[in-house]
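Student: I'd like to ask you about the structure that follows.
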């Protein structure tokens with residue numbers, strides 16, 4: 001913006017003979033700092049202390065220039081921001097991720113709290129948002145837990161846990177949230193009457209402004225217990241007796257969140273985590289580890305060695321998208337942007353795009369047949385000849401309806417050795433497709449109601465493996481899987497299928 005001599009003259013006339021007094025008053029109220037920070041050429045308080053009779057004219061002249069420049073700067077700022085005040089960008093680990101915020105779990109944010117619901121799905125809280133499970137967009141916490149934070153508008157959850165106690169049936173499977181000095185209790189996502197309550201009323205001896213909380217049911221702890229964290233202090237709260245034992249967990253950093261998952265206890269600190277013993281606080285194994293490697297589906301971040309990539313895919317708690325086993329026993333498992341291959345005792349991990357560049361990522365289902373991988377993504381089928389490298393067959397992708405006679409999306413597909421029938425799972429229904437028939441038609445429709453949702457499945461020397469979340473179930477054959485009324489023993493995907501040692 002250009003400033004004219006005439007403009008400065010007008011300012012000088014308006015200011016008048018006592019302008020130096022007004023300027024000194026403005027300085028006393030911090031305006032000097034505002035103009036200084038804005039880049040204005042304002043005189044300092046020391047300059048104003050000089051003799052009035054020697055400096056009055058100079059001060060008027062400088063003041064006129066200063067106020068004009070500051071006014072121009074202010075108008076520019078107002079115009080640039082549409083007449084609104086400039087917004088302040090908060091650091092990524094700040095609590096204030098509010099309604100309009102875009103929260104990205106893969107940016108390495110520090111979560112405020114974690115709680116696992118009655119179905120075993122972790123809820124990760126940040127500001128007034130939450131993430132359900134291991135992938136997906138953030139949503140407002142109030143959308144799932146109505147009235148949460150409506151009373152206080154704190155914009156975040158300090159701590160959370162799901163109560164597990166046979167000794168306290170009135171609170172069993174209830175979810176508790178801690179905000180400042182209040183506790184909220186929800187059952188089936190509904191706030192219970194009488195809540196929120198003071199933390200001291202519900203959990204006497206437990207302080208306000210908690211950092212984390214996690215349930216510790218029997219037999220993990222001697223009695224049904226809740227473990228509370230605040231700074232360096234650890235409190236074991238006996239649900240039945242309401243007795244509080246203060247502990248000292250020397251081997252573990254301060255927890256910003258804590259949760260129990262698949263029988264293990266995890267302490268979150270920043271965007272890392274450690275697995276700990278709930279009684280002693282001991283941390284065994286190679287910790288801390290990166291949350292995004294094991295509890296998030298994030299495609300690319302940081303530099304990792306080959307061994308670190310393999311460990312990530314072997315030990316991740318994020319559910320698999322697709323898995324298949326070839327006749328020779330080799331396994332291919334797909335999750336997000338990555339895949340893991342297992343051949344005997346050798347593991348290999350890489351991005352899907354590097355080995356199957358036409359697919360890029362996000363495979364819905366995969367099955368092996370006659371030395372080829374049939375990979376299903378949305379409503380298309382990609383076919384690769386197994387080898388080094390894998391060869392994408394000409395003419396593919398083709399429509400799923402054309403290749404298998406069924407509309408997508410699909411949850412799982414598998415072929416058992418020496419057979420030509422692909423078994424397709426879609427929701428709670430299973431279909432058969434004869435791969436030697438022309439045209440191929442999805443038929444022999446049967447219900448599969450023992451599982452609410454199947455993530456993926458494969459068939460191999462040990463029979464049919466159904467994968468749901470971090471667990472899998474085995475059946476001797478597709479017929480047994482369909483006919484059986486009982487759900488077989490639950491197995492751990494990371495430890496038992498891939499040999500993860502933690």
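Glycine too: its Cβ is placed from the backbone N, Cα and C atoms.
Annotations per TrEMBL:
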- 154-206: repeat 'Hemopexin' (REPEAT)
- 207-252: repeat 'Hemopexin' (REPEAT)
- 253-298: repeat 'Hemopexin' (REPEAT)
- 360-407: repeat 'Hemopexin' (REPEAT)
Student: In the repeat 'Hemopexin' (253-298), how many residues does DSSP call helix, how many strand, and how many coil?
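Tutor: Split into helix, strand and coil, the repeat 'Hemopexin' (253-298) gives 4 helix, 19 strand, 23 coil.
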Student: In this predicted model, what is the average pLDDT of the repeat 'Hemopexin' (253-298)?
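Tutor: Its mean pLDDT is 87.
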Student: DSSP says what for the repeat 'Hemopexin' (154-206): how many helix, strand, coil residues?
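Tutor: Helix, strand, coil within the repeat 'Hemopexin' (154-206): 4 helix, 19 strand, 30 coil.
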Student: How does the repeat 'Hemopexin' (360-407) divide up by DSSP, counting helix, then strand, then coil residues?
Tutor: 5 helix, 21 strand, 22 coil
